[in-house]
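Engineer: Sharing a structure with you now.
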Amino acid sequence: MLEYHQWRHVFKLDPNKSISDEALEKVCESGTDAIIIGGSDGVTEDNTLDLLLRVRRYSVACALEISSLEALTPGYDYYLVPSVLNAGDLEWVVGKQHEALKAYGELIEHETLLAEGYCVLNKEAKVAERTKANTELDREDVEAYARLADQIFRMPIVYIEYSGGFGEPDIVKQVSRVVESAKVFYGGGITSVEEAKTMAHFADTIVVGNVIYDDLKAALKTVQAVKETAS
Ligand SMILES: CC(C)=CCC/C(C)=C/CC/C(C)=C/CC/C(C)=C/CC/C(C)=C/CC/C(C)=C/CC/C(C)=C/COP(=O)(O)OP(=O)(O)O
Ligand SMILES: O=P(O)(O)OC[C@@H](O)CO
Ligand SMILES: [Mg+2]
């Protein structure tokens, strides 16, 4: 199993969307470095556990991106804890996290828990709506959030999130330049080999989500595309 800092390509599966066994096998056996299980709404204990058990038939690494405490169970290689740094409401920066630690703080295993400093940039995404994210940011603003996550909060992951829409490569390029220790994750709107390669030049890890459900063949092609691109 590859450790998170070695991931180049990951697929994000949404517990709130259905996927056939055949498609899931193709995703898990695609050569991707990990499967992240997570979504912004409709994430329950039942649908998340069901997906975890199905993914566990394969040897690929599996992480839970925690967006609801209800879905938090043992059994993952990693637990990703998002914090939306440009959220309009503190609840999504530290509030939910504080609540979680009050309930489960004593269960933490530090090696498996990874903080993600999110910068949410597509105003049409559900995650932007839910967190009331301020997406009207220029390159310097995003760069400052990336430095905050990396150099001040020392988060292991800086996540540039354009969920549902393809982002601005120049922003990802600049973020990668200023980040010193964290891994830069890029996710959003990757639907083709060209888009995957464009962002793979700049980000450490490319996250591919929705296209799995819209066009599985195209999704599978992104794995090789990312792997053969140098960052
Ligand atoms: C029991 C056990 C194993 C315990 C171990 C200890 C442990 C892990 C304790 C918990 C630690 C902790 C601090 C947890 C935080 C809990 C929490 C709920 C935090 C809030 C996270 C947050 C900011 C959520 C907001 C939404 C978000 C960022 C979701 C991530 C996924 C995402 C961006 C999906 C994309 O959504 P989108 O494309 O917009 O919408 P679609 O669904 O249409 O795709
Ligand atoms: O679903 P897409 O748009 O591929 O985005 C991937 C991921 O960053 C979503 O959190
Ligand atoms: Mg999505």
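Cβ atoms here come from the backbone N, Cα and C positions, even for glycine.
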Engineer: Per TrEMBL, which one of Gly31, Gly189 shares the sn-glycerol 1-phosphate site with Lys12, Tyr159, Ile160, Glu161, Tyr162, Ser163, Gly164, Gly209, Asn210?
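Structural biologist: Same sn-glycerol 1-phosphate site in TrEMBL: Gly189.
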Engineer: Using a 10 Å cut-off on Cβ-Cβ distances across all protein chains shown, tell me which of the binding-site residues (Gly164, Gly209) has the largest neighbour count.
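Structural biologist: Answer returned by the neighbour count: Gly209.
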Engineer: How far is it from Gly209 (sn-glycerol 1-phosphate binding site) to Asp14 (Mg(2+) binding site), counting Cα to Cα, in Å?
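Structural biologist: If we compare the Cα positions of Gly209 (sn-glycerol 1-phosphate binding site) and Asp14 (Mg(2+) binding site), the gap is 8 Å.
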Engineer: In Å, how long is the longest CA to CA span across Lys12, Tyr159, Ile160, Glu161, Tyr162, Ser163, Gly164, Gly189, Gly209, Asn210, which the record gives as the sn-glycerol 1-phosphate binders?
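Structural biologist: Farthest Cα pair among residues binding sn-glycerol 1-phosphate: 17 Å.
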Engineer: Expressed to the nearest Å, what is the distance separating Gly164 (sn-glycerol 1-phosphate binding site) and Asp14 (Mg(2+) binding site) at their Cα atoms?
Structural biologist: 13
Engineer: Count the Cβ atoms, other than its own, that fall within 10 Å of the Cβ of Tyr162 (sn-glycerol 1-phosphate binding site), considering every protein chain shown.
Structural biologist: 24
Engineer: Are any of the binding-site residues Lys12, Ser40, Ile160, Tyr162, Gly209 near ligand 3, with a Cβ under 6 Å from it, and if so which?
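Structural biologist: List returned for ligand 3: Gly209.
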